[in-house]
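S.K.: Here it is, the structure, as structure tokens.
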Amino acid sequence: MTTLNIAVIPGDGIGQEVVPEALKALARALEGTGTDIATTHFDLGARRWHRTGETLTEADLARIKAHDAILLGAVGDPSVPSGVLERGLLLRLRFALDHYVNLRPSKYYDGVPTPLADPGDIDFVVVREGTEGLYAGNGGALRVGTPHEIATEVSVNTAYGVERVVRYAFALARKRRKRLTLVHKHNVLVNAGHLWRRIVESVGREYPDVETGYCHIDAATIHMVTDPGRFDVIVTDNLFGDILTDEAGAVTGGIGLSASGNLNPSGEFPSMFEPVHGSAPDIAGQGKADPTAAIASVALMLDFLGHGGPAGRVEAAIARDMAARAEANRAGEPLARTTEQTGDAITALI
Ligand code: NAD
Ligand code: IPM
Ligand code: MN
């Protein structure tokens, strides 16, 4: 028997509600495979910050690093100043563990309610850079609170950081439909934009079988709603990828379906899997959150850890549950389920 050691960070709000469902699905997926899981729960997030003033200590980080992977729910709470947990906990993990690939797949399941009149075949992956860009924390504020206040956030883009994520995206495109779209804004962001463009062009020469395209971010948000089927692999920077993947969630049936993996492909540090959504204070504590994104994140985790069979079973269970939802919608009786009921329904199909 081999054991997967998983660090579990439920975090805040609906993170606490969806993570137990994801763990249920994970346990079921590994049943009878000769691999089991050992979980370590970390009390990180708003409660811990209120109690101790800590977001993520060096000791927490060292313990987390000793695991094979991390499952995270969500962080952020209205009772904590905005940015304290987001930067001090979530981004700190992504940066300290060098999660340079933020993998965010989107797939549309037929019949699922979507704001699009004609969704078509939507099946794309956003490869979002995870350690640089406007998230680098490079900036500052002068004359705060005065009419002459100046606030800067500087986007950091290194050739090293861009090339490694672009390489990942090309390799992924080669395994998929062989279409890669760079999304940026090089008509305005001439420094970073042209760095990204040049690197995509030069790495692209090693992938002549992959068709390479480009969209400015503003146009990409149009295509995402008018013709999302055009996309296969999108590679983009940290902030554009953040925004585009919330939109991707919305067009494919809701942010409660969108999974993500924060990958450290070399395996030097554990990768972290989490739903794309946040702590959703507006519905927290009501048992309304859709746990599908968290469960789909477990599928990404299993796949990344080399357990393709169990990962495929989780994905197939989600697909079957989505078909059941679509059927109920067609019948005019949409399923009204609690978080736990949806988790149970998917787990029963694994
Ligand atoms: P959010 O993703 O939490 O919520 C946006 C909307 O989507 C809300 O209406 C919410 O009810 C809905 N929603 C989200 N997840 C859902 C689910 N599983 N099922 C059904 N509906 C769902 O974004 P926000 O409101 O901008 O942010 C709330 C807090 O979460 C903030 O503190 C923010 O910083 C944080 N946040 C954290 C993460 C993360 O931990 N990865 C991601 C995004 C936002
Ligand atoms: C996400 C979130 C985070 C991000 C925040 C909470 C730091 O929005 O995971 O999409 O911007 O990356
Ligand atoms: Mn986001």
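Here the Cβ of each residue, glycine as well, is placed from N, Cα and C on the backbone.
Predicted automatically and left uncurated, TrEMBL annotations should be read as such.
I grabbed these lines from TrEMBL:
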BINDING   Arg94, Arg104, Arg128, Asp218  substrate binding site
BINDING   Asp218, Asp242, Asp246  Mg(2+) binding site
BINDING   Gly278, Ser279, Ala280, Pro281, Asp282, Ile283, Ala284, Gly285, Gln286, Gly287, Lys288, Ala289, Asp290  NAD(+) binding site
DOMAIN    5-346  domain 'Isopropylmalate dehydrogenase-like'
SITE      Tyr135  site 'Important for catalysis'
SITE      Lys185  site 'Important for catalysis'
S.K.: Whole-number Å only: compute the distance from the Cα of Gln286 (NAD(+) binding site) to the Cα of Asp246 (Mg(2+) binding site).
M.R.: 22
S.K.: With H, G and I counted as helix, E and B as strand and the rest as coil, say where DSSP puts Asp246 (Mg(2+) binding site).
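M.R.: The residue in question, Asp246 (Mg(2+) binding site), is helix (DSSP, three-state).
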S.K.: Starting from the Mg(2+) site formed by Asp218, Asp242, Asp246, give every other residue of that chain whose CB sits within 8 Å of the mean position of their CB atoms, in sequence order.
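M.R.: Near the Mg(2+) site, the remaining chain residues are Ile217, Thr221, Leu239, Phe240, Gly241, Ile243, Leu244, Thr245, Glu247.
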S.K.: Near the Cβ of Asp218 (substrate binding site), how many other Cβ atoms are there if near means within 10 Å?
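M.R.: I get 12 for this one.
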S.K.: I'm checking region-level scores; what's the whole-number mean pLDDT for the domain 'Isopropylmalate dehydrogenase-like' (5-346)?
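M.R.: Computed over the domain 'Isopropylmalate dehydrogenase-like' (5-346), the mean pLDDT is 98 on the 0 to 100 scale.
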S.K.: My understanding is the cutoff is Cβ-Cβ under 8 Å with a sequence separation of 6 or more in the same chain; which residues meet that for Arg94 (substrate binding site)?
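M.R.: Arg94 (substrate binding site) has long-range Cβ partners Asn102, Gly130, Thr131, Asn262, Met272.
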S.K.: From the binding-site residues listed here (Arg104, Gly278, Asp290), select those whose CB sits under 6 A from an atom of ligand 1.
M.R.: Gly278, Asp290
S.K.: Measuring Cβ to any atom of ligand 3 with a strict under-6 Å cutoff, which of the binding-site residues Arg94, Asp218, Asp242, Gly278, Gln286 qualify?
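M.R.: The qualifying binding-site residues are Asp242.
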S.K.: If one looks at the chain holding Arg104 (substrate binding site), which residues at least 6 apart in sequence have a CB under 8 angstroms from its CB?
M.R.: Val125, Val126, Val127, Arg128, Gly241, Thr245, Ala248, Ser258, Ala259, Ser260, Val276
S.K.: So how many other Cβ atoms are close to Asp290 (NAD(+) binding site), meaning within 10 Å of its Cβ?
M.R.: 25
S.K.: Going by Cα-Cα distance, which of the binding-site residues (Gly278, Ala280, Ala284) sits nearest to Lys185 (site 'Important for catalysis')?
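M.R.: Closest candidate to Lys185 (site 'Important for catalysis'), judged by Cα separation, is Gly278.
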